[in-house]
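These notes concern the structure reproduced below.
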């Protein structure tokens, strides 16, 4: 120890005469740093304090050389320096200082509490120094010490406490419902979960006006507004609020109830409020077509403050519907500015604003709904365009269609509808109208059978009146088309057809007949031309006498020899005087019947009858040659079985059923229709 080098030992060679000619050299561990040698005397010294706990020994090498020649005088030798142990290390606590937590009020442990019921709230941290001595504590021994830091942990042994028994809170009457209006807090000396608490309103006159909740982070009671405040009605409220711990330790229940209460007085502040309407919303009514300036209704608003300032009204124009009304700024009376139409807009919603005269910036708004009442100003009309069809084989009283009507007015001025025919017109012989008294009407036929060839379209004017007061009436015209129908009433066709088509001839057959007629006419013209050329006088040249034979190819006579006799002599003069009509056009009047009585037919023979019919067909100048289509009902009187013609069966009673004709195909549809009509007429 100390600043001076410590003598360790000495090296000496037998060659050393003491004259300084020998030089000593030291090498190895610590040589030159820890250990130094006097190269003349060989003395070895330690320049530093040695620590056995760090290094127990050192290995060194020594050598003696001639100082003049630097040649070794002796071989190098090794020696060891051992460090002896002394009591220079005191006992040491390797992990100190120590930190220990002990619950307050504890009475057990390796380190025991010296005081009873130690209170964390009084002192939380303690430091204890512990000493350890070696050599069993004898004199000369060393010692070591460490520090133990002891922290008392918290238990719930303290109830919450409000700082004051009476608290005051100011809340303006303009505070919004649901907003937080104040905070209250009780102090708890405990920490962590032991300090958690909840707040509740125990009683008071403001228990229905205010509510309280707990902020878990700050442990504060948040007071919120449940209902609006009104300074003019009530200026203060009183609440008894209680704060209680949520986590209780029953070991310390004897310390007392872990809750506290305080009284909170709430002062309501007066605020200048906007006008208050008498109703949250208004519903008003006005009739359509009312004159401009008609009063619709009145709104009312008052200043809720004690000053009771005057109120001004105006409409907040934020839509097109607002332009139909205006409001009196002083009285709040709403009037119309335009004529209203319920069918265009049945309902209007406007917003009315009110402000104080002394403070125009304070506004309140209210919604006003205006219902437009209906007036019977729209006549009824047909529900749609109707396509009405009547079959040719319709019967009297048959319903061919049902119509309905609509009205733009509401139910009070619309249904029930009345359908009728115009009384100023003559009675329609074809159709009639029946009111079904359920807002519909039926179209009925008044006669039997219709013909497309005679008239294919009919027009029926009708009248419709509504149930309003006064009632409105409109007129409409129904278009009724005549169509050919099946036996079950299905429409077959509605186009007018020529007589030949109804008789059973197709278009191709008609064209073939016309071609034959044209060919016959061409042959007749050619024949007449040849006849005229043959009637020229035969002139034989006197110079040409080689031929004296004349050939005649004229057969003479016959019905083709128009010059031999007058063809009109074969025609019936009485039949030629009758007026004939084309059968493929619509006649304006009925044809005169051509059938002769039975007594007349019996007085003539068949040959004469056929000649008369042939003459009638030949004398008709307005029709194509339809003579091949003539119908002859008379078959003579010489047959013992009588007439077997089906054409004459219409006048006799027969049990024959002709319904099977409808199953023979489309070629027999016309025949089935004719015999079906005859049978239906017979049954009626």
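Note: Cβ is positioned from N, Cα and C throughout, glycine not excepted.
According to TrEMBL, the feature domain 'Cadherin' maps to 13-93 (among others).
Using DSSP to sort the residues of the domain 'Cadherin' (118-162) gives these counts of helix, strand and coil: 3 helix, 21 strand, 21 coil. Sequence annotations record features per position, and here TrEMBL assigns domain 'Cadherin' to 118-162 (among others).
Along the domain 'Cadherin' (163-277), the predicted structure has mean pLDDT 89. Per TrEMBL, the feature domain 'Cadherin' maps to 163-277 (among others).
With helix defined as DSSP H, G or I and strand as E or B, the domain 'Cadherin' (278-382) counts 5 helix, 48 strand, 52 coil. Annotation source TrEMBL lists domain 'Cadherin' at 278-382 (among others).
Residues or ranges marked as domain 'Cadherin' in TrEMBL: 382-499 (among others).
If you look up TrEMBL, you'll see 509-530 marked as transmembrane segment.
Secondary structure by DSSP for the domain 'Cadherin' (163-277): 10 helix, 55 strand, 50 coil.
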